[in-house]
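> Take this structure, written in structure tokens, and hold onto it; I'll ask about it next.
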Amino acid sequence: MNIVDRMYLDTYREIRDEGISDEGQEVRPRWSDGTPAHTKALFGRVHRYDLSRGFPILSLRRIAWKTALDEILWIWQKKSNRVADLGSRIWDAWANYEDEEGYATIGKAYGYQLGREIEFPEGRMDQVDRVLYLLKEDPGSRRIVTNIFNHDDLGEMGLQPCAYGTNISVKDGKLNMVLIQRSGDFLTAAGPGSFNVVQYALLMHMFAHVSGLEVGELLHVVTDLHVYDRHFDVIDRMIDHSKDSGEKELPKLKIKRRVEDFYDFKVEDFELEGYETSYSTGRIEVAE
Ligand SMILES: Nc1nc(=O)c2c([nH]1)NC[C@@H]1CN(c3ccc(C(=O)N[C@@H](CCC(=O)O)C(=O)O)cc3)CN21
Ligand SMILES: O=c1ccn([C@H]2C[C@H](O)[C@@H](COP(=O)(O)O)O2)c(=O)[nH]1
């Protein structure tokens, strides 16, 4: 087990033993057979990862980090809402919209919001270009913020953004980030060292790399952190499997070539040295 696995187990046990159940209430999410997907949830959990000490990825089970990377590039680099621009099918169930050219989209969510241009004194830019501009021109700024929870457009999204806000703070040549998430599916995405954590850790590495900075800490705040009813058995089996695995170091992220421009990063530019997992859950069921 590595340090992130231990954080995962502690938080999992807290949700299992002290989480508030929404059983008996009306809930929105459904399993694919139509059954309501209930959860046990905790209010407000914060995890801190020091990226200078290693890459924060779970070893208890295989995390599809290249799929996670492809999705974060889809949102932050391509700024796309078309599922055809994604290398995986993970958003297909929420692609209930169509754009002018007939492509299936997730509506005005995620990449669509990041790609919207705003008028600044320095010119028109979208939120991603604003971050890159400030990291270069004014890294000491306390205003390096993104926010994609745009109330004006909430009615035109399949799913409202979950990880919706970031705030970067550069200290001592290190890029630190706060990630704010309103809702977190523990097994699929939001648990320590899982999909969402891996995504924003990768984004920090990319921003730091093109800005001549080192990576610092990621502070991940989740308002409603939950485990879905059908996921408890999956996690319990994973934990059983890990019982007598020894101590492990965190893997190291390598960017294989010098990249000058954030928009040039590709999935193939990354390597995770020392990422070993012997366990895979197989296909997990994701509540819709
Ligand atoms: N309930 C729910 N949880 C989520 O995490 C979530 C949503 N809905 N809806 C929107 C997106 C879609 N997300 C997803 C959906 C599926 C996988 C998934 O199937 N993951 C597999 C690996 C996939 C692969 O190998 O490429 C896994 O084992 O984690 C991950 C994230 C994250 N988001
Ligand atoms: O990046 C993501 C995207 C989605 N989720 C999860 C969190 C919830 O389980 C669902 C969204 O349902 P709401 O009812 O809108 O909260 O998707 C995630 O954890 N990470």
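Using the three backbone atoms N, Cα and C, a Cβ is placed for every residue, glycine included.
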> Which residue of ASN81, ASN96, ASN196 does TrEMBL report at the same dUMP site as ARG142, ARG143, ARG182, SER183, GLY184, ASP185, HIS226, VAL227, TYR228?
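DUMP site check in TrEMBL: besides ARG142, ARG143, ARG182, SER183, GLY184, ASP185, HIS226, VAL227, TYR228, the record includes ASN196 out of ASN81, ASN96, ASN196.
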> Determine the mean pLDDT over the domain 'Thymidylate synthase/dCMP hydroxymethylase' (7-278), rounding to the nearest whole number.
97
> By CA distance, which of the recorded positions (CYS162, ASP185, ALA287) lies nearest to ARG142 (dUMP binding site)?
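Its closest listed neighbour, by Cα, is CYS162.
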> Taking ligand 2 as the reference, state which of the binding-site residues ARG142, ARG182, VAL227 have a Cβ closer than 6 Å to one of its atoms.
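The qualifying binding-site residues: none of them.
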